[in-house]
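Right, one structure below, let's go through it.
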C-alpha cells in the first residue's frame, strides 16, 4: 500500500487504492483529496463506483437527534407505488413520506444497501436505509429511519435499480435532496395491567431483549417470548407471547438491560403487577409481522425434560412436522450487507423454575422434514425459581454454525439445586473438564471446561457444578485422587450426576486463594520454593501474547491472565520462571495480583512447541482457527515473527510518557477500510486525514495543499524519501506518491486522530519520528466470519484475505497496540473505538530501552 492518507472522494474521481484487504483490487487512477468541501461532495467508500456501498455525510452542528427504534424490514416487492402487497393473503400496511434534506458539508449522513444486483431483503430489489450517521443531515432532520425503502430521489425512480444507480442518483441530487420513502406502518399498542400470583412454578414466562441484547433490531424493549405450561401467566391467561413488558410493580422496563429486567422480575414478591403493551394489529401468518397474540406459543415440540426415579433428568425429543413459526425476528439473510451487521443473538430468560417444554423456536428456515435437526441452546437461559430466594444462574451451550438452513430448538435445563444426569463420550482430549476439591469433605467441583471438548460440546456441565457420582460411584465424600481415578477409569461412556452449587464453589475458590497467598508469602519471606527473591526487580512491560492462567498446569500460585497489549506492572522479576505482576488500568494498578510466566519461561516453552510443530506438521499447515497446530494449548498464545525464529514475542519493556499531540491511527487487517469509513463519518471532529505528496503535475481544478502537496522536483522527493521524511511512498505511472511525516504531524497537532491507510512498515517509521500511532490489528477468527461480514466474498477470496491477515500478524505483530476479534463488523468497530479511546493519552506507554 503506497498511500497513507485516508480521504474522501470528489463526485467525479475514484479513490486510489492498491488493494483493499477484504475486497477486489482497484487499480484506478490515484487521486486523493484532503477533505470534502461544498455540497457537491459526498463521502463514499473506497471501492469503484459499481461497488460503492455507502452514502455517508454529516453536518457541523453538535446536536444529535435521538434515533427512534425502527420497524423491522419486510420481504415484499411492489411493482408500482399504488399496489399494496399481500403476505399469505394478509394486507400489509405501509406509510409513505417525502423527506427533504439539505446536504451538509460532506453529504446526507446515511448508508444504504440493496438494489437489483444485490437485494438486501430476500428478493426485494429496493434500496434500504441501513444506518443513520449521528450528527449527519439525516440524523439532524430526524425523520428518516433505518429500514426505510427509498422509492425516489428528487425525480429519479430508484425503486428497481442497481446499487450503483441508486448511489449515482443520490450523488447527483444537488444540495437539496427530496427522498420519497416507504416504511411499514408502526404497530399500535394497547396498554394492559395484569396482576399475577406466583405459584409453585414461578411467574411462568420467558423474556428476551434489552439494551445491548435487542430481540428486534433497533428496539431495546423487553418482550415475552414464551408462556410456560402450568405457570402463573398461563393460568391467568392474559399475558401472551409478543407482549412488551413496560413495568413490573413500580419499576420501569424501558431502556433497561436484559440482566436488569431479570433482576427486577426475580426480586418480586408473591403478588406481581405487570404493565404490558399488546399489539393491536394481527398479521395472521406473516412471518415478518408482529407476534400473533391469539396463541401463547407455536405448536410445541414434543421435547420434554423428564424426572427420573432418582431425581435426575432425562432428555427426550420428538419433532412434529415443520410449519412456519408464528413470530420471527429478522432472519439472517435480511441483514446481509456491508455497512450494517446484525446484533448479537439475544439472551432469553425464563421466569420459572423448570420448563416442561423448550422455548418456542424463534423461526424456522425452509428445510425438508427428513433432514437432521440441530438441537442446541445458543442463548443463556435464566431460570427464576420455585423458591423466592433461589439463585439465578446461567447456562449456555455451543451450537454448530452452518451456512445451510437449519432449525434451532431451545432446550431449558434446570441448574438450580437439583441433581441432573449428564452423559458424556470421551474424545481425544478425554472428557474435557478439570476438577478441584476433595479436601475435608468439601466435594468435587468442575473448575474448567475445555473449549471444544466433550463437556463443552454437550453444554450439560459448567464451572461450579459439583460431581456427585460417576457411573454410580458416589463422589460426595471422595478425595481428589479418588475422583480423578473414578473419572479416568470410567470407560468411553461416562454417566455423571451433577448439581450446580455456585455458592459452595465460590467458598472453595476463596479458600484456595487464601492458601495460595499464604504459600506465596511464605516462599517470598523464606527465600525458598519456586519463587526466588534474592534480588527484587520491578518494571513495566507490554504483553505480546495472550495468557490464560486456567490452562497453565504449572502455576505455583494464583495466576494472572492477560491479553495481547495489556500493560503489566511486574512487581518482582527476580525468579527465572515466574514473575509477580499486576495489570495496569487507566487509574493505576489493578487490585488483582498474580503470577505470570517469566520471559525466559515463555520463550523456552515456545521454542519447544516450535520443535514439536516442525516435527509433526506439514510445512505451512495452519488449522481452521488460524493457529499453528498446538499453539496455546497450555495457555501460552505466544507468536514467533516470520523469518525471525530467534525473536519470540513475550514481553516488551515500556515506559510512561506524556504527549502533546493526538495519536495517528493505523488499522490493519480485513474490514479496515469500513472501520476507517465509519470513524470519519461518525466522529468528523475527532478523526481526519492528511494531504499526500506527489510529483504528478497539478490539474486545473486541483488546489496545492488541499488535494496534494505538488512536488516540483522528483529529485527532491527522492532525497526526502531517503532521509526518512516519508512514512510510506511509491511510484504509479512514473509519478511518485507518498505521505510525509510532516503531513501526519500537521493533523496530529491540531487535535485530530490522523487515519492512515498504510502498511505495517509505517508504524515503526512513525515511532522513530516520535509520533506513536495507535496500531490496531483486526484478526479474523476463521473464514466463516469473513464471509458473513462480506457476502460478496467467494470462499477463495476469503481464504486469500485470511492468509494475508496471518502473514500480516507474523510480520508486524511486535508493533501492534492491540489485536481485536469479532463475529460482526459492529463488534469489531466497537472494540476499535474502545481501544482508541483508552490509548489516546495524554499519558501513553511507549517502548523503552530497558533490557529484560
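Any Cβ shown, glycine's included, is placed from N, Cα and C.
Because the structure is a prediction, the values reported are computed rather than measured.
In Swiss-Prot, the feature phosphoserine is assigned, of 394, 399, 530, to 530; the remaining candidates carry no such note in the record. When 45, 111, 414, 590 are compared in Swiss-Prot, the phosphoserine annotation sits on 414. Looking up 390, 406, 550 in Swiss-Prot for phosphoserine, the annotated residue turns out to be 406.
The Cβ of 505 has fewer other Cβ atoms within 10 Å than any other of the modified residues 505, 737.
Comparing residue 737 (phosphotyrosine) with residue 505 (phosphotyrosine), their Cα atoms are 63 Å apart once rounded. Under DSSP, residues within the domain 'PDZ 3' (421-501) fall into helix, strand and coil as 14 helix, 34 strand, 33 coil.
In the three-state DSSP scheme, residue 553 (phosphoserine) is classed as coil. Annotated pair residue 505 (phosphotyrosine) and residue 553 (phosphoserine), C-alpha to C-alpha distance, rounded: 20 Å. For the domain 'SH3' (536-606), residue counts in helix, strand and coil come to 11 helix, 33 strand, 27 coil, using DSSP.
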